[in-house]
Amino acid sequence: MTKPLDGIKIIDFTHVQAGPACTQLLAWFGADVIKVERPGSGDVTRNQLRDIPDADALYFTMLNSNKKSLTLDTKKPEGKEVLEKLIRESDVLVENFGPGALDRMGFSWERLNELNPKMIVASVKGFSDGHHYDDLKVYENVAQCAGGAASTTGFWDGPPTISAAALGDSNTGMHLAIGILTALLGRDKTGKGQKVAVSMQDSVLNLCRVKLRDQQRLERVGYLEEYPQYPHGEFGDVVPRGGNAGGGGQPGWVLKCKGWETDSNAYIYFTIQGHAWEPICKALGKPEWIDDPAYKTAEARQPHIFEIFKTIEGWLADKTKFEAVDILRKFDIPCAPVLTMKELANDPSLRASGTIVEVPHSKRGSYLTVGSPIKFSDMKPEVTASPLLGEHTDEVLASLGYSKQDIFNLREVKAV
Ligand code: COA
């Protein structure tokens, strides 16, 4: 099957999560992604959190499927020469080294643009160029703190909290993928490559957009009516942590279901959508609430919203999270069970859609990973195993015109 990105060659100079998540996505969609790794060690995640002694860690395999691996010491002259050849033939170079690393290696944007004016150079950094923190190295949780997620996540009486979702890493990679695809379309019009830069702070902040909305509302009116602090608690001058409150105009909360005493995930998320008040009352067996002035409108409900949630928990007490959702869905109430990773891994719908896939791997046996969350009518992205370190070195060098003897010589000087 031909894929939309067939024929696009990408030098994948990425490591850890933010960059690899981006290039993996592009590889699923058909790009020829060549991961350039340091001989002997490769991407640090190959060795991090290993569950099988001599096999690449899941951290690596789950972020590097569908790629080729070329080992190359790009600090050695012989390695630089190979990289230059590859640059001349490639459409995109993606990197997420620490600030200045590519320049120190001798591959500044100016040099790359000189080598291949049509190439798109895409970078992830912790902070954007010119930012007063642009010299900092950054990992996921650092970005969540710098981008506004941590100060607005968690409970008001606890510390700033990190989300399990990779808002700093994979999210930034997704932003970068959009930037690369946009630059490729731009190149079709202008014939020129360009530099695409995404910072982790900016990508987190982009997802915290509604919290910046709330900061401005708070400054104007002094309160935020959808937060648990309203109307009985206090507001300061910054957006507070709102626990599990709904982020828009629909109040919601995580509610206990049957078994919560022993199962830490026996909960559902329940949303009180304004126009669904009547079905909610019917579902809960509380028809008297429908026209009661203390319950009828969102404004009337808000002062005692937690009392309402308590009543709903009473209704949920003899229902599992799955039974509860099966009833509530008939009333068109936005809700979901709180699902564990174990439940998701075994979910037949996710297996059928290709969102959870099992991938055979020569060293590990098969492993589970998350396939493309983007579905197309004309293409089903297929997930293949991540490459072993240097698995495609000979193949890539041969495609660049190196003979067997040249390759032997490169090995002798430990450049590959
Ligand atoms: N051959 C030779 N050298 C190589 C190489 C290769 N194939 N690949 C990488 N290197 C070198 C680089 O040139 C650099 O050397 P230098 O620092 O001497 O110039 C070094 O390896 C990599 O440095 P760095 O990227 O800073 O690694 P680190 O482990 O110290 O830091 C991060 C890791 C993630 C903190 C850092 O890369 C970073 O801040 N990246 C940008 C933000 C980001 O993406 N973070 C999220 C990661 S999920």
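Each Cβ is built from the backbone N, Cα and C atoms, and glycine gets one as well.
Per TrEMBL, these features apply:
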- D169: active site, nucleophile (ACT_SITE)
- 15-18, R38, 72-75, 96-98, R104, 137-140: CoA binding site (BINDING)
- G248, G249, Q250: substrate binding site (BINDING)
Counting every protein chain shown, other Cβ atoms within 10 Å of the Cβ of G249 (substrate binding site) number 10
To see if you understand the setup: which same-chain residues, six or more apart in sequence, place their Cβ under 8 Å from that of D169 (active site, nucleophile)? V16, Q17, A18, A21, Y139, E140, A143, M200
Can you tell which of D73, N96, Y139, G248 has the most other C-beta atoms within 10 Å, given these are the binding-site residues? N96
Top Cα neighbour of G249 (substrate binding site) in the set of binding-site residues D73, N96, R104: N96
Spatial separation of G248 (substrate binding site) from H15 (CoA binding site) - C-alpha basis, Å: 36
Please identify, from the binding-site residues H15, R104, the residue with the sparsest Cβ neighbourhood, meaning fewest other Cβ atoms within 10 angstroms. R104
Quick note, Q250 (substrate binding site): same-chain residues at least 6 apart with CB under 8 Å of its CB -> T271, I272, Q273, G274, P334
